[in-house]
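Here is what TrEMBL records for this protein:
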| type | residues | note |
| --- | --- | --- |
| DOMAIN | 7-142 | domain 'Aspartate/ornithine carbamoyltransferase carbamoyl-P binding' |
| BINDING | 51, 52, 53, 54, 78, 102, 129, 130, 131, 132, 263, 264, 291 | carbamoyl phosphate binding site |
| DOMAIN | 148-301 | domain 'Aspartate/ornithine carbamoyltransferase Asp/Orn-binding' |
| BINDING | 160, 223, 227, 228 | L-ornithine binding site |
Ligand code: CP
Ligand code: NVA
């Protein structure tokens, strides 16, 4: 089993290529095999943003591993009344075995991890969504039998999901192309990090042209145009993102066997058309299911299983 024994997962770059491969292998095994944690462990979910998939898939994964879950909604804890992160982290550390956090600033997650000795998992920040990308890579591997050498094209906003995809693809030996409107490119620090991991063996390409990016790709991927926390920007963003939609026309430029992924929730008629998300090349439901298997593998690897 992959041995992330007691480690944090704040960014996908916290994993080596080998650790990523081992996690994906374990996740695939866990689709048909039961595994129990060494002892009864408790996972805390501290989510400051909405979540369907991440919340439910972490909860079910932990239950199936024989552990327990506490949903620490900030509104019913002292977090919403301004208790400092440093204090919350040191207290939760004394009760829980592992903590998954969904919040805005990556810096807040890092502060939690600095003050809590227990492992801390990034369940989405404005900067990254590593658990999502574990499931994405697992899904791609299931479809193609391999990851190495494939090209993934992401079309849309260059934020959390795009950032983690760049790191994940580089770690997995895949080429990654990110097509965004001007001014919505991914974080330059993460682009550099992904390029350092890729080490000139694979491509990390940024472009403002979705058609160039889609040509011959094995995977087309998109995400919402206005993320959580950006609701007030939605009206301004829509005209800017109009050409960054996965449509049948864009899909026709990709490889004939290409698959379409979306982290969900989806907005039909915006970043993806109804015909594409419901079409024969869409793998979004398998992708959503794999959140649970990938996170089960992550929890087992961090907490230790039989
Ligand atoms: N993809 C994803 O993280 O979904 P939720 O926001 O529903 O957790
Ligand atoms: N980029 C999206 C991902 C949702 C899973 C957001 O941050 O809202």
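Quick reminder: no glycine exception, Cβ is built from N, Cα and C everywhere.
Any TrEMBL annotation is an automated prediction that lacks curation.
When the binding-site residues 160, 227, 228 are compared by Cα distance to residue 129 (carbamoyl phosphate binding site), the shortest distance belongs to 160. Under 6 Å, Cβ to nearest atom of ligand 1: this is the test, and of the binding-site residues 51, 53, 78, 227, 263, 291 it is passed by 51, 53, 263. Cα to Cα, residue 228 (L-ornithine binding site) and residue 78 (carbamoyl phosphate binding site) are separated by 22 Å. Filtering 51, 53, 131, 227, 228, 263 by Cβ distance to ligand 2 (under 6 A) retains the following binding-site residues: 227, 228, 263. According to DSSP, residue 263 (carbamoyl phosphate binding site) is assigned to coil rather than to any helix or strand. Once the Cα atoms of 51, 52, 53, 54, 78, 102, 129, 130, 131, 132, 263, 264, 291, the listed binders of carbamoyl phosphate, are compared pairwise, the greatest separation found is 31 Å.
The average per-residue pLDDT of the prediction over the domain 'Aspartate/ornithine carbamoyltransferase carbamoyl-P binding' (7-142) is 97, rounded to a whole number.
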